């Protein structure tokens, strides 16, 4: 399944991503970051071996007590005698090969090369260092490198699409390249993850290189922060291919364990369930939000009921907020203009708007909703308003200037309430380029586009089109961030497939939004509806054919009456 997606704006990805190369400095960094995990693994292995040893002793003891001692003793003695005879014979046969010195290099060398240690007994065999000329090889060594470099190239007109995917218990982040002009979507490279990914956030600042981040605050980067079922947050450089380890880990995994602890203490140490603290999360990371104005700040929400603020220049937790909510915190969104305030949504059915400089849980504005919060998002075109989706299938629009009294959150009055789906509203997005254009998606497998500025809507959203892309339960729907691709929508779900829909190829979308933004590329009237999917691997046994990727799904005619509780599926607070 695909649990989360996000776009990378044009111009941030390196034109020629580099292959990962390990030098001594990089190896030392990886060793420090991995030390804690290695020590924990050794402790677990030692405990497992000790348990197996105890079980083996008990089993052996039980067998001996039920058998005749004389017969067993004679059999063992015979087996040991036969084994000694066999070992002596094997030693005589192998002695002539001198296997004890098998890996020792010989003194003989080739004419222009160096002797091969593994084949030290083979005279005259030599190898040549990379870059040196071998007289028996006439091929141009740079040809393959140049071809590979071209294959990895990312053009300035390309967008990257980050896809958090789990397949057969293997979790990874797939980095797609979307070529809009060619209607092409393909996997550029992927990154292995330690656990099921739950959220992904793109970062435009270098992380993990303290010198670059501190000295040059205007430095640009292309990084991804990933939250998983593990409590740590991994940050990866997207311009490195085949990378083995993240650039940074935010959490307990980034702190090397002390080496002064004696083995006896480690052996007798009892593992305890970690408690909530101010330094790192202790449960799954459910949401991430990067601050676009203070680019070194990253906020994270966790199932441990806390929100944490990370300083990416030091990769340390700057502040922990432990009293914002009483249940799992699952959604975050920084305010577009008030850079120090952030929205947080929780399973406690509340939304909090806090100032991270002085969070006072007793006085911050709060709103109550009808069910568990799924996601929250500010309106990029009017930052007085924000959206909130819930598990009941509702989408709310609130005015942040009119919070309800703290004593009666149940009296929260949204500007409007949209009954978008009958099941959980698992994903929604607000188009950052086109005002009034939003998308909702649900576990009911449908994706719906809405017009919040429709003249005949009576103050609420009017549905423009509804589609089923055969993606299973839809977990992510995200609009592209650049005006040239403002009508592109990436959708993904439980079938592990991501598709990009050019919504402007739909006649209803063109009628509603074509004149609202300058510079956005709008499809012509004659163009068929376009949905682009990455090429599927036929080796996985899938019965889907390539033609399914262009399937039109279904549309709802807005001229026909509906019977879902309102003319367009919304409820006006004024009518109530």
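Cβ atoms here come from the backbone N, Cα and C positions, even for glycine.
Keep in mind that TrEMBL annotations are predicted by a computer and have not been checked by a curator.
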- Query: Looking at the ranges 210-231, 232-253, 254-275, 276-297, which is given as region 'Disordered' in TrEMBL?
  - Reply: 254-275
- When TrEMBL is consulted, the range among 475-525, 526-576 described as region 'Disordered' turns out to be 526-576
- Query: By Cβ distance under 8 Å, which residues at least 6 away from the ends of the repeat 'WD' (278-320) in the same chain are close to it?
  - Reply: 198-205, 207-208, 210, 213-214, 217, 225-233, 235, 248-252, 254-255, 326-334, 336, 339-340, 342, 344, 346, 356
- What does DSSP give as the helix, strand and coil breakdown of the repeat 'WD' (418-451)? 0 helix, 16 strand, 18 coil
- Residues of the parent chain within Cβ reach of the repeat 'WD' (418-451), under 8 Å, 6 or more residues beyond its termini: 374-375, 377, 379-381, 387, 389-397, 457, 460-469, 471-479, 481-483, 486-487, 489, 491, 493, 501, 503, 506, 509, 512-513, 516-517, 520, 564-566, 569-571
